[in-house]
Amino acid sequence: MWSKSYRITFACLNTMKSYRYLWTRPYSTFRTTVDSSEVKTFLALAHRWWDEQGVYAPLHSMNDLRVPFIRDNLLKTVANHQPGKPLSGMKILDVGCGGGLLTEPLGRLGASVIGIDPVDANIKTAQLHKSFDPVLDKRIEYRACSLEEIVEETTETFDAVIASEVVEHVIDLETFIQCCCQVLKPGGSLFITTINKTQLSYVLGIVFAEQIAGIVPKGTHTWDKFISPEKLESIMESNGLSVQTVVGMLYNPFSGYWHWIENTSLNYAAHAVKQEHLVPAEGETEELRVQASTNPSMHEELKK
Ligand SMILES: CC(C)=CCC/C(C)=C/CC/C(C)=C/CC/C(C)=C/CC/C(C)=C/CC/C(C)=C/CC/C(C)=C/CC/C(C)=C/CC/C(C)=C/CC/C(C)=C/Cc1cc(C(=O)O)cc(O)c1O
Ligand SMILES: C[S@@+](CC[C@H](N)C(=O)[O-])C[C@H]1O[C@@H](n2cnc3c(N)ncnc32)[C@H](O)[C@@H]1O
Ligand SMILES: [Mg+2]
């Protein structure tokens with residue numbers, strides 16, 4: 001009898017504990033941005049990242065554009081930099097790093113980079129590859145986890161967050177961008193490359209690139225998940241990011257090279273900067289601070 005009521009009490013306490021856990025956990029535990037079907041797709045190709053002629057060849061050659069894009073935009077924010085290691089002293093989070101194709105060149109430029117990916121096998125490939133270079137081995141840390149897990153551990157930590165060819169694979173893009181913003185330091189940079197949601201991107205990006213030319217494996221992309229630069233900009237701006245640049249990228253399947261173009265109907269790159277916190281000026285009244293939080297021009301006045 002005693003043991004039965006003990007068991008019931010124990011069960012009740014446990015249930016209450018889990019509810020308390022549910023109530024007190026941050027929202028991010030429940031809103032995942034990871035789509036399990038995407039995980040399956042990337043898992044099957046995890047051993048192919050470093051094959052420069054293989055399925056990820058366009059990502060290898062995209063480095064010709066995206067590495068200078070990230071480097072040059074980051075260097076606009078610093079006065080002095082070490083020759084040869086221009087990004088030294090910077091902390092970068094590479095979200096959805098895959099096998100580390102972009103993480104490694106950023107480490108070589110001197111940055112301390114954390115590469116995260118929800119696919120464990122991708123992280124194993126990335127870890128093995130960087131282990132061949134002792135310099136990179138020190139500068140890069142890889143972790144098999146989601147962005148939401150990083151947000152639970154740390155905020156306002158990184159000078160730059162990068163999500164290259166990732167956002168078209170996530171679920172709940174709003175939460176994903178919100179998390180990117182949370183881990184950025186004020187004044188830090190968010191870099192995104194992705195595919196626009198246009199009729200042209202359906203024809204060239206899915207029908208041509210996947211079904212006809214086999215540039216990308218069949219089933220890699222879902223047109224519904226593509227995002228227009230306008231929508232992406234609006235999500236970024238509503239999360240306190242100020243969009244600096246949006247520029248088109250065109251892949252030439254004959255040469256295997258990428259080119260910058262003005263037109264963003266297919267692939268594009270975006271750079272946004274997290275707005276600085278509003279620092280209350282000395283002697284500033286509460287009323288002024290409230291006004292400033294709703295009026296950007298007042299914000300500028302207070303900064304003077
Ligand atoms: C409006 C517009 C952008 C039109 C483009 C259409 C077109 C055919 C343009 C012709 C070029 C032209 C006249 C451009 C004018 C601007 C200009 C003067 C540019 C400068 C010079 C230049 C660009 C010369 C190139 C000329 C040329 C011969 C171009 C090739 C033409 C052609 C057929 C283009 C289409 C390219 C193509 C197939 C695009 C596919 C789009 C797409 C979304 C591909 C995905 C690529 C990708 C991100 C691969 C990496 C990847 C990713 C993933 C993943 O999971 O995300 C997985 C993988 O395995 C991957 O490999
Ligand atoms: C096309 S690959 C890009 C890899 C790398 N950024 C590059 O450009 O070389 C997309 C990567 O995003 C990862 N990914 C998918 N969903 C994700 C999510 N919700 N959060 C973070 N990464 C994700 C995949 O596992 C995959 O490694
Ligand atoms: Mg993609």
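Any Cβ shown, glycine's included, is placed from N, Cα and C.
Keep in mind that what you see is a predicted model, and the values were worked out from it rather than measured.
The S-adenosyl-L-methionine binding site feature in TrEMBL is assigned to Arg66, Gly96, Asp117, Ser164. Neighbour density for Ser164 (S-adenosyl-L-methionine binding site): within 10 A of its CB lie 24 other CB atoms from the protein chains shown. Secondary structure at Ser164 (S-adenosyl-L-methionine binding site), taken from DSSP and collapsed to helix, strand or coil, is strand.
Annotation comment: TrEMBL describes Glu165, Glu168, His169 as Mg(2+) binding site. Cβ-based neighbour count (10 Å, all protein chains) for Glu165 (Mg(2+) binding site) stands at 21.
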Cβ packing number for Glu168 (Mg(2+) binding site), 10 Å threshold:
24
Output field, Mg(2+) shell: CB within 8 Å of site CB centroid, site Glu165, Glu168, His169 dropped:
Gly96, Val166, Val167, Val170, Thr194, Ile195, His221, Lys225
Sequence gap of 6 or more, Cβ distance under 8 Å: name the residues on the same chain that satisfy this around Arg66 (S-adenosyl-L-methionine binding site), in order along the sequence.
Leu102, Ser164, Phe191, Thr193, Ala269
Distance-selected binding-site residues near ligand 1 (C-beta under 6 Å), from Arg66, Gly96, Asp117, Ser164, Glu165:
Glu165
Please list, in sequence order, the residues in the chain of His169 (Mg(2+) binding site) that are at least six apart in sequence and whose C-beta is under 8 Å away from its C-beta.
Asp35, Glu38, Phe42, Gly96, Lys225
Among Arg66, Gly96, Asp117, Ser164, which the record lists as binding S-adenosyl-L-methionine, the farthest-apart pair of C-alpha atoms sits at a distance in angstrom of 19
